[in-house]
Amino acid sequence: MKEKYILSIDEGTTSTRAIIFDHNGNEIVSAQKEITQYFPEPGWVEHDANEIWMAVQTTIANAFIQSGIWPGQIAAIGITNQRETAVVWDKDTGKPIYHAIVWQSRQTTDLAEKLKKDGYSNLIREKTGLIVDPYFSATKIRWILDHVPGAQEKAEQGKLLFGTIDSWLVWKLTDGQKHVTDYTNASRTMLFNIHTLKWDKEILNLLNIPEKMLPEVRSNSEVYGTTASYMFFGGEVSIAGMAGDQQAALFGQLALKPGMVKNTYGTGAFIVMNTGDKPTTSNNNLLTTIGYGINGKITYALEGSIFVAGSAIQWLRDSMKLIKNAPDSEKAAYESTSENEVYVVPAFTGLGAPYWDAEARGAIFGVTRGTTDKDMIKATLQSLAYQTRDVVDTMQKDSGIDIPALRVDGGASNNNYLMQFQADILGKKIERTKVLETTSMGAAFLAGLAVGYWKNIDELKHVFTIGQAFEPKMGDLERKKLYDGWQRAIKATRVFAHGE
């Protein structure tokens, strides 16, 4: 009998990947395709949902071809995805009626501000765990219904469907047979009540979004359906695990005990803390969200979302032309001779947690005649670590838990300079996993558990391993001095955006 594997579809903000894992958690093959970014107006970010679907098909086919594995050897498919990004499509034709509005996009700022001014912030916070912000799906759906002629009427007639990217992909993979999402993705829409685990009728009425547009909400580990018979060279494969990218990473890191924290350095950086079976309300602008729901039990989490992380390194490469590829940033940072007096605040699309300032824009401080390109690169890398500390400090305040270590993953966690500086500025141990793609691994774990590929979570503990740890080396006085400088830079950035 041929060996069985798990296929993870990892649909991210800048690219789509298909990764095949074996029973020991080894990555057998990874196929990747970049996604076109559309910027119709300043601050707007959109994707073509059809292009995303084509990229998923291409990467899956390439993974099979490169590995020699055939669909009959796939025990299950797990899906993980960029969250909040909103797709609205025609139920009959299966065609999107507008581009997918991406989580980073600020085109619905006016709608979010109106909700705040009308006094709905507390209601929405209490029900969804989220703050009112253009980041989440709700205002994106409202924007599409407002700006596409006839869309509201069609939605009310049940002719339009909404989904986050997971929902869109399951719809396409099952040839329109299943319109479902999972607890984690639903909890990021600003429409889902995280206490009742249902779409919230009061918020839907407030935004005039018909509930019939919305997908059925399911757990993170169960069989949702099978792929259509004409796909994957004729093999029908169970789709059995789904989670938004950051919750998938939390599960992939096996951060399954209250107080465990992970940071994924992707396009943005996302720090998530397991808070157990009761939601923890933040007094400092962190998000209360669903970590995962399996076997009839919900685990909640606190999250701090940083909008710009890996995309700051892309900015160095693509816009500033200071590096040719991302790994060059590590070498440049080590070669910089500056005393860390330069600060880059990469608020290209506003500031995320704990500030939630949609109007802030990027700024650079402390530049002298002697500042070099390497100093700028180093300061940009350091900005990821400073922003992470902003969130970790806030999590400790909200939870009352002293976080002993931070588990890290994602592309930028491969940068040794950044990881050491992260340990130094936090004064905490950094644990980098052996498999950096824990987002895909988490989706694989969820799918594998659903079909018995792995018997239970104890079996997963033998699969997961820490690759390298970074201990803090910086003294307390130096740490305080550098972080004080960062806080001044943040304050000045916000003053510039808003005036005194």
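If you go along the chain as it appears here, the first residue is 1 and each next one adds 1.
Glycine residues also receive a Cβ, built from the backbone N, Cα and C atoms like all the rest.
Residues or ranges marked as ADP binding site in Swiss-Prot: THR13, ARG17, THR267, GLY310, GLY411, ASN415. DSSP assigns GLY411 (ADP binding site) to a helix.
Residues or ranges marked as sn-glycerol 3-phosphate binding site by Swiss-Prot on the basis of sequence analysis: THR13, ARG83, GLU84, TYR135, ASP245. Long-range C-beta contacts of ASP245 (sn-glycerol 3-phosphate binding site), restricted to its own chain and to partners at least six residues apart, with a cutoff below 8 Å, comprise ASP10, GLY12, THR80, ASN81, GLN82, ARG83, THR264, GLY266, PHE270, THR439.
The ATP binding site annotation in Swiss-Prot covers THR13, THR14, SER15, THR267, GLY310, GLN314, GLY411. Its Cβ taken as reference, GLY310 (ADP binding site) is surrounded by 22 other Cβ atoms within 10 Å in the chains shown. According to DSSP, GLY310 (ADP binding site) is assigned to a helical segment.
The Cβ of TYR135 (sn-glycerol 3-phosphate binding site) lies under 8 Å from the Cβ of GLU84, TRP103, GLN104, SER305, GLY352, each on the same chain and at least six residues away in sequence. In the three-state DSSP classification, TYR135 (sn-glycerol 3-phosphate binding site) falls within coil. Feature annotation from Swiss-Prot assigns glycerol binding site to ARG83, GLU84, TYR135, ASP245, GLN246.
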Chain-internal residues, separated by at least six, CB under 8 A from GLN246 (glycerol binding site):
ARG83, THR264, PHE270, VAL272, GLU303, THR439
Output the one of SER15, THR267, GLN314 that, of all these binding-site residues, has the highest number of other Cβ atoms within 10 Å of its Cβ.
THR267
What three-state class does DSSP give THR13 (ADP binding site)?
coil
The one of THR13, THR14, ASN415 whose CB sees the fewest other CB atoms within 10 Å, among these binding-site residues:
THR14
Please work out the number of neighbouring Cβ atoms within 10 Å of the Cβ of GLU84 (sn-glycerol 3-phosphate binding site), leaving out its own Cβ.
26
